[in-house]
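A.B. asks: Once you've had a glance at the structure underneath, I'll fire off some questions.
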Amino acid sequence: MHDDEGLDDVDAGDVELVALTGDPNPTALGQAAPQNKSSELALVRARLFARDNVGYLATYFTVGLVYGGLPATLYGVFNGVLNVQGYEYQGVKALVTLPWSFKVFLGAMNDVAPLAGGYRRRPYMSIGWALCALTLVLLAFLGLPEPYFCRDHDGSYIVECTEKTAYHSIACPNERSDGTQAEPCNARAPDSAGTISSLMALAAFGYMVADVAADGLTVTLAQTETQTIRGYTQTTAYLTRSVGMAISVAIVGLCMNGKIYNGTFAWSLSFSSICMIFAFAAVAMVPLTWKFVREDPVPQSQRAKLGPYAKSAWQLMNARHFAAVCAFSILYSTVRSVESPATVLVTRYWAGVHNLQQKTASLAGQLMFALGLALVRRYLLNHSWRHLLIVTTVILIFVDAIFVFCTVFDVIRNQYFFLCDVLLELPTAVEFLVTTYYVVEAADAHNGGMVYGLLTTAHNIGLSLAPVIANQIFGLFPMNLSDSANFIEDSTRFRKVVAGSYIIAYLFSVIAWAILPLLPNQKDQAQARKRTWGTSRSLAIAVTASLVLCFIYSVSTLLLTVFPATACLKFVGGPGC
């Protein structure tokens, strides 16, 4: 950590001028240039933590709160109450984060359509939080259906017919005790998955609107930093978001650990109550972002017009250096993120992970992620991006394989052992920052929102496409990796099939290394490419068309995955209708 000595001597007005002019040279403001790294960091900190700018970091904190909290409910709700199949669970996870693929459109809207007298960021933050709050309230009032599996006298699910559960006439008719999967009490429970996940996605769209506006400010602020400290503002924002995510995961872990949510407590808050907690936080952000975000209105004469802005966006896509990184963002995130649909069922049935332990591990993971961000900010800002990605991939595969294969082959089946893979969050944080640092290098003073939107949209389209591809690949396996009955039966043959699915997923991570040449090695090479690589219309058309087609394909397939009439299709990973 850096000390805050000297912050009181910094004039807030001068700091604001630095932020809004986009000129990283303070001498342009008639002020002496910082003589060392410490004084530069003092200026940056004063700007970030000023009282009249508290809404900026508060936005990242609350985004983390909802962004971490809603997905944290998925394990208990969709795997516990609704008992959706593994491939459907993959689709739900992707659908809930799908709105991030719209970032490019929101970024462009921020830049060309200022509201309320010329503000490009603050009004969108308030609008986004209002939408998020309304959707969360609707989700709370909708509630959940009765659980899929029957429950015994202490509230635990009856998932297997044994001598202890044979008494239950619905779950185990004719006093069946053969060790196979029990009959459901509400076979239609999974049919609610589409509606609930769609509302979650709409809430995510709301906080994403606020996040995109904050990202536009982040780019503006980061561009005022010199190369020696560039990345500090970004990392601080993501650290703040990680803290919010950690808190929300702790709330869900402690308050949704009832047996109905795959937990162990005799009590728990309902899913509706959790949604209301997050709704209150979103409501509070509406006035906070309107009153306490430092932003000057853009004069009418300086506002970007849609026509010239669209032309500028197309010129940006024509730049070879930018098109190459767009291609990297979607290809790397797609290939790197292919995962086995068996994971959630391995977690529940073989590792025996309960909700509290899963959320405790997630909380530890968030703290490890925050530690990774801090380490990058402190030690790795100027290291090779490509080398960091290779090293983190090797660590991820090696560590994950130990816990996975010991669990799959019944060497060690213990929830605490299986959850030790939270250590993976540290290299994941490195990977996350490396793939986002290029944004500041590519952006100019007038198009920060557009650049941030394009690159993060490409990245998020890849994340949405990955489970679609994974479900289609693993749906071809000889035994169904998404059917809980196979995990309850736990045959030797099926264990080998599950292990094979993980090996294929690891191979995809290694194959992703072939895409690394599209990414610059570091900031200086990124700037060199920007100066020397020139333009290519054909490359721009190819990359743009690929983004559009991948987006349409992933959205349509994910929607088919979560709604009951189409979830059975083999095309989306189902067993066939």
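Yeah, the Cβs are placed from backbone N, Cα and C, and that goes for glycine too.
TrEMBL lists 54-78, 124-144, 199-222, 243-261, 267-293, 388-410, 452-477, 497-519, 539-563 with the feature transmembrane segment.
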A.B. asks: With the transmembrane segment (267-293) as the reference, which stretch in 124-144, 199-222, 388-410, 539-563 has the largest tally of C-beta pairs below 8 Å?
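C.D. replies: Ranked by Cβ pairs under 8 Å, first place goes to 124-144.
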A.B. asks: At an 8 Å Cβ cut-off, counting only pairs 6 or more apart in sequence, do the transmembrane segment (497-519) and the transmembrane segment (124-144) clear the bar of 3 or more pairs?
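C.D. replies: No, the transmembrane segment (497-519) and the transmembrane segment (124-144) are not in contact.
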A.B. asks: Using a Cβ cut-off of under 8 Å, list the residues of the same chain at least 6 residues beyond the transmembrane segment (243-261) that approach it.
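C.D. replies: Answer is 60-69, 72-73, 75-77, 80-81, 147, 151, 154-157, 267-269, 271, 273-274, 277-278, 354-356, 358-360, 362-363, 366-367, 370.
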